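> The structure is given below, and queries will be raised subsequently.
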Amino acid sequence: MSTDRDAGDLELDTVCGTPENPTSDEPLQSLDHHQTHEQELDPVLLWVPSGRRLISGLVGLNVVLLGTALVVGENFNPEGLSHQEPEVFLLVLMGISLIWMFWYLLWARRHPDISPHRDHHAGGVPVIVALLLFAAVSLLLFVFRVGYLMSTRECKPTATLISPFMEAPFLTLQTYLLWAHSKDCIHKHKMITRSGLMMILSTDLLLWLNAVTEDNIHEEIELGKRNGNSTCQCNASAACLGFRKGFEILFPFNIEYYLMAGCLIYVMWKNVGRITGPDHHVTEKKTLYIVCTGGITLGLVFGGLVLAAGVTAFVLYQVYVRQPEFRLTAFFIFYGYHLVVMPIMSLCSLVGLVVQRLERRAREVGPNPSRRLDVVLLMAAALGQLALSYFSVVAALGIGTNGPLGDLDLSYSLLSLLELILQNIFIIEGLHRHPHLTQENKKTDISLLEAKISAPPTVQEQEATKPWAKRVRQEICAFLILSNIMLWLIPAFGVHPQFENGLGKEFFGFTTWFIMMNLGQPLSVFYRMHSVAALTELLISA
């Protein structure tokens, strides 16, 4: 074993190799000897016997809980925190994160051997492209935000005025870190690396929570003007009004950025010290190349129609909803569009599931933090729309639908449940399928270790897929990608008719439904965006 490596290069937890589930092709005896030697050399095990992520995990947990308490406290009792404690806390976290990122990037440049292994599933091309897009729009948002804050600086606290000047470099440097190093499995100074990554992750989560809270405040100002409370408003200048409008329009992209960046940072944190086998790398094809040369036509055509119809519905809704005499028409347009698109998406997901079952591909084995995180995020983000749909169904059972809008809202909720469940099953099943192996006779009594070392004959390498099955899955993925993009754009830019006209508002009351909508809607928006990334990966590996 090389003497210039840090002690403890071999992980003891489930993400990296263990005696029960190794990730490399070393013999079991070598693993045992290597691990025993590492345990003797690594003094950290004396303090962290249950896992090397414990210290950084506990630090991150406490930071997030403290920050959450400060952000929530400011919203429920703003007069109680008179010294801008939440804003100051976020500024301190961003400052610490910037220092660590500068150190890591300079250190990584001088030590190219810090990452002997790479997680090729992490930071895929679609995810990085989406991250760069959200980062670019967020930087543009900061321009509007600074202009708006400077126009109303007389009634804004100092910490709020400073925040965008700290947040912009934090976002820029983090984007570069993820673009250049999201696949790294770092094997040096692992305690410092884990702590630094956990600090960035905590900062992302708190900035996301703070952004969602600010978005809630904007909605409350728009919908609660009847309260007559005095707020910090723009003066009559056109520049201030323009800055505020740009700030409101681009705000959702900033929310999505911090969720996506936090997910990638989490994967980097999980990959610290990870050892990947020689068969871990899978050659990635360019999505555009597949679309251009793969003969995908029906999915693109019908998906394009969904996009065109969605843009038309979005524009008409925005025009009509501002006019009292046409508000009912605006709601009909919104519900009508979704009631046509979601059944088609459900049918496509069901057909995709049938094709996947007919192919009988083997499931990938071995730990994979990025794949595991994809599944968790899909399930967690879907809870937003699922919860809203179930609450709407309960409201309909309690008070009835009370007219055509209630019927449309109930139908929308039921179809949302069906579409989300079928699409989640289709995506998750596809993500766990091996790209090159088909399983003939699966035996459950064979352990993962035996599968890795002895290569049992129950899994044999064959043709990846039948041509017709590949074509069907590619067409379905292309259609679902474009459909989810449209279903992401509509709520991301503030179209929430359920907030004003849903059954839940009448049954649960304005305040309760207001809180539920603003907790569920950001998750729903993130779900659609993450579904696009997952479906793009399925299209690539078809």
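Just so it is clear, glycine is given a Cβ too, placed from its N, Cα and C backbone atoms.
Features from TrEMBL:
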- 1-29: region 'Disordered' (REGION)
- 54-73: transmembrane segment (TRANSMEM)
- 88-106: transmembrane segment (TRANSMEM)
- 127-149: transmembrane segment (TRANSMEM)
- 288-320: transmembrane segment (TRANSMEM)
- 332-355: transmembrane segment (TRANSMEM)
- 375-398: transmembrane segment (TRANSMEM)
- 410-428: transmembrane segment (TRANSMEM)
- 476-495: transmembrane segment (TRANSMEM)
- 507-527: transmembrane segment (TRANSMEM)
> Which one of these stretches, 127-149, 375-398, 476-495, 507-527, has the most C-beta pairs shorter than 8 Å to the transmembrane segment (410-428)?
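The stretch with the most close Cβ contacts to the transmembrane segment (410-428) is 375-398.
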> With the transmembrane segment (507-527) as the reference, find which of 127-149, 332-355, 375-398, 476-495 contributes the most Cβ pairs under 8 Å.
375-398
> Residue list, the transmembrane segment (332-355) vs rest of chain: Cβ under 8 Å, 6 or more residues beyond ends.
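Tertiary neighbours of the transmembrane segment (332-355) are 302, 306, 309-310, 313, 316-317, 320, 405, 408-409, 411-412, 415-416, 418-419, 422-423, 425-426, 429-430, 469, 472-473, 476-477, 479-480, 483, 486-487, 490, 495, 497.
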